[in-house]
């Protein structure tokens, strides 16, 4: 198996679009990553085994995307010493159940929680790049370039705005 820097774990294949949004962000920074479906409820033993093997392959952070009871991010955080970025989905109750399940973690088991949906998945990938940039000058430069590009796009949108 290839080495990875960030693993994106989905609680269900119904969340694949969000997983792909996170992967797209990660790959835009040339971050080695992979996408997995592992349920905290249906296959907890597989999750624990995967966390061990991914750590051995160089994984530095996990993005956990899940809805409803959304225990995936907490389960990953409980079994890993690496940062966990939680992205709730909005499949039921407008995502409130998943947001609270991801956000309300006990002391000592932190999960950085992002917005529900595509924006949250995209931002989780960008945040992972920022974390990696702390110890990797090349990644830090990519983040600086990314921020400059955002600025330029905003300026261009302002210039092209129909003000009539």
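Every residue, even glycine, has its Cβ placed from backbone N, Cα and C.
Straight from TrEMBL, the features:
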BINDING   12, 15, 42  substrate binding site
DOMAIN    4-154  domain 'PurE'
Beyond the site residues 12, 15, 42: chain residues whose C-beta lies within 8 Å of the centroid, for substrate: 10, 11, 13, 14, 37, 39, 66, 67
12, 15, 42 as binding-site residues, winner by CB count within 10 A: 15
Pairwise C-alpha maximum, in angstrom, for the residues (12, 15, 42) that bind substrate according to the record: 15
Within the predicted model, mean pLDDT of the domain 'PurE' (4-154): 93
